[in-house]
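K.L.:
Take a look at the following structure, please.
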């Protein structure tokens, strides 16, 4: 009998430390004292749980140290309530923020239902409805019991404690049923009745501690409620709810912009690499131009591979392939996007070398070794450390996408910080070029050609750096305001057309490259004439 501790618990403030202690206490009670759970025991347990499920203290959960506390609470209540003994074939225990109902069931019972109407906040109640279809009950070999638990505030608590923008838009409904019963109908009243926004039926994956859309499908959806058909599994899926626009707005425009833009970007990058191959011997006659085109080729290659992986990562996620494949796709995506920025950084260092270290010459072999160490070595170290540190804690992947986690482990900083730092450095480089060329006299003799080359390279950086910075600035904005369609479309548009920007500003607008292309075309025409 643990009812003697209830007065002390209810008189304690529901501050983060106390919430964590009460969750741990409920966990221990469910593991050690779950034999012969009668009505009195369940009432005591519900009163304790109700204290930390109160709608007025939801924000306190954000400061509970253990991010899995809300998940532990859900599992503990489900375990304890599942042992409830039914008196006279039914039972009902009601608190403000947790309600438990139970019925005896057998195969000759007509379809069984549980109806809940509970307080969510000061504005009023929300309802939930659980139905066990008659065809499911026919599978029962003997008389059994069905328990259902309703939590009107737990969805918001899970959302708050996980710092995740997935918006739970109904009560969480749990069921404890015989193993034979698999498909259950749930009706959720929506908290926010928004037009033109689809709901997503989900089940709570107990092992992975996340909402999983594979557990349910939508049967019907209207402005006020959603009917879900969900797959019950005693070990994995026992709790269900609805998400509303879980992480980003669904939009046909966004999908279209992303697909068309990425396809155009990949085509532009392939064209860029073909042009570089055609004009290579004409435009790499000096050390500086060789180094410039060497960096440009690697920038285009890195972005081409990253764009291709972006598409593959979307396919991996959408087809629900295995977790390891998603981790691998995210690792290489992280690596090649970082490589894009570090090769831009190498291009910036090349300008500083040409302008400031006038009397210091480096050979091609030394340059190539240094450039590869910066362009691919640094991204490899950063991406490897990121996965090594965050993956053991299941904090590498973002929930709902094959990309770096932000809400739990801030793994995304391993991309954002290096990328934005390089953008700042390259902006400084452009400023140095402007100051240096402004002071340079026209007659600098043998260095005038190198100076013109430096100016051409700095123009590339001056154009590409703001575009990259603007692109990933909007990428950060989509994290800050994940439901803004404008931010998502702008980011998708800029991100998708990065390849075209590299083709345009790195290749097509370069005078030497255009001249080399003309020479190559004229040479081809002469060869055709001679052949004829």
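Glycine residues also receive a Cβ, built from the backbone N, Cα and C atoms like all the rest.
TrEMBL entries are annotated by machine, without manual review.
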K.L.:
Choose the correct range: of 256-275, 436-455, which one does TrEMBL annotate as transmembrane segment? Give that range.
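P.N.:
Based on what TrEMBL states, transmembrane segment spans 256-275.
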K.L.:
Sort out for me which stretch, of 295-315, 335-359, 366-389, has the most Cβ pairs below 8 angstroms to the transmembrane segment (486-509).
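P.N.:
So the stretch in question is 295-315.
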K.L.:
If I take every residue in the domain 'GAIN-B' (106-250) and average their pLDDT values, what number comes out?
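P.N.:
Here the mean pLDDT over the domain 'GAIN-B' (106-250) amounts to 80.
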